[in-house]
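Enquirer: Quick one: the structure is below, and I'll ask about it shortly.
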Amino acid sequence: RRARRGGGAARGALRPPLPAEAAVAAMAPAAALRVVFLLLLLPAARARLSAYFGTKSRYEEVNPHLEQDPLSLGAAAGGARPPAACAPLQLRAVLRHGTRYPTAGQVRRLRQLHARLRAACPGAAPLAAWHPWYEESLDGRLAPQGRRDMEHLARRLAARFPALFAARRRLQLGSSSKHRCLQSAAAFRRGLGPSLGLGGDEVEVEVNDSLMRFFDHCAKFVALVEENDAAMCQVNAFKEGPEMRKVLEKVASALCLPVEELNADLVQVAFLTCSYELAIKNVTSPWCSLFSEEDAKVLEYLNDLKQYWKRGYGYDINSRSSCILFQDIFEHLDKAVEESKSSKPVSSPLIVQVGHAETLQPLLALMGFFKDDEPLKADNYIRQTHRKFRSGQIVPYAANLVFVLYHCDQVKNSEEEYQVQILLNENLMSFHHSNETISTYTGLKDYYRDILENCHFKEECELPKVNVTAVDEL
């Protein structure tokens with residue numbers, strides 16, 4: 001509608017153009033057409049890329065049904081039911097924190113890249129018009145979506161295991177010392193609600209970095225992997241390889257920058273900005289328009305290489321450092337079995353601890369999950385197209401590994417009296433020793449006997465007597 005003539009604002013006056021619209025209007029017709037075309041492509045770009053964001057993936061990527069209903073248990077929930085004569089005794093969960101903001105370092109690199117873009121290619125709207133709204137003060141903190149991730153997860157677990165989450169059942173809640181984990185633990189508690197008697201402030205969160213950040217306390221891992229550039233030789237080689245070079249050249253061209261001014265880390269920041277805006281705001285960022293699905297697969301592999309060599313199967317110490325957490329899980333399961341056998345109520349029916357992707361990934365590697373026949377390397381990208389080790393499918397935001405211990409009546413022998421299921425991201429895992437999704441507790445302990453008896457954190461993490469920092473030591 002046209003505004004009335006004369007002074008003052010009139011009903012129906014045209015709104016001022018948004019920044020991106022103003023930038024488009026100021027362009028030459030050909031450039032404007034190209035930008036409009038890019039804007040139209042953005043939703044398609046989001047659909048193509050969202051499966052490849054690695055550890056920055058939304059939880060909905062592994063459970064798509066949650067997009068429609070965040071409290072839905074999904075089709076897999078039916079298969080999670082134990083045999084008819086079994087009742088749950090204990091639930092032990094290790095969670096990754098919910099959706100978070102970028103770190104301060106990522107924000108600085110993004111601002112640096114955006115400033116270069118605006119100087120070199122001011123006509124590249126909507127990217128040039130994009131406002132870098134991230135502040136360094138956010139530095140990896142939990143986003144509002146992350147709180148919703150945890151509240152909804154708590155409600156789904158309570159719906160799936162109502163006997164364990166019944167009123168007056170004790171909740172033991174633990175966390176790493178990081179702010180995003182403490183806030184995630186608080187959000188999980190709130191999600192259970194006051195009706196369950198677990199939602200109030202009376203449930204304290206115990207900070208336990210020795211379990212949730214075991215990697216910080218493992219001297220061998222810190223010296224030989226975390227702080228050793230040579231340990232990441234496969235990652236660095238892939239950054240300089242032909243697949244990444246192709247992506248670099250394409251992005252440099254789109255940003256009007258010489259390819260020499262870009263590197264793999266800056267390109268990955270641009271790619272992850274696409275992921276952050278989807279996960280945090282549920283919007284399709286203009287940064288997504290820089291990447292095709294093939295580009296996304298290359299950048300996912302770069303992320304997975306880092307996870308593989310730093311947190312997964314690349315070096316034994318990555319997973320062996322997590323034996324302290326693995327043994328703690330079984331100590332609590334053992335205690336629940338002993339209390340049940342003595343006809344005592346289980347003292348800790350619910351144990352929930354919140355950590356990081358770096359907490360879960362080594363633990364899953366220690367247990368032998370998602371191990372490929374061939375190691376992930378810089379020169380076998382094509383051969384790893386159908387790899388098991390895809391960090392976005394394993395440890396997205398709000399990832400969770402849940403052990404559920406059952407007491408079963410009407411069993412054939414005493415070994416079947418106590419059984420266990422393991423769920424990853426609310427989906428049942430098949431046990432290696434049986435290929436079944438439920439195992440006798442004694443059978444599971446027998447399978448992992450070596451880790452339970454012979455993996456000692458202090459000895460595993462002790463540095464060699466000689467001060468060596470070579471990869472060969474690993």
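Note: Cβ is positioned from N, Cα and C throughout, glycine not excepted.
Per TrEMBL, the features are:
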type	residues	note
DISULFID	Cys86-Cys408	disulfide bond
DISULFID	Cys274-Cys288	disulfide bond
TRANSMEM	22-42	transmembrane segment
Enquirer: Can you give me the same-chain residues 6 or more apart in sequence from Cys408 (disulfide bond) with a CB-CB distance under 8 Å?
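Expert: Expected: Pro82, Pro83, Ala85, Cys86, Ala87, Glu416, Glu417, Tyr418, Gln419.
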Enquirer: What is the total of other Cβ atoms whose distance to the Cβ of Cys288 (disulfide bond) is within 10 Å?
Expert: 27
Enquirer: For Cys274 (disulfide bond), list the number of other Cβ atoms lying within 10 Å of its Cβ atom.
Expert: 27
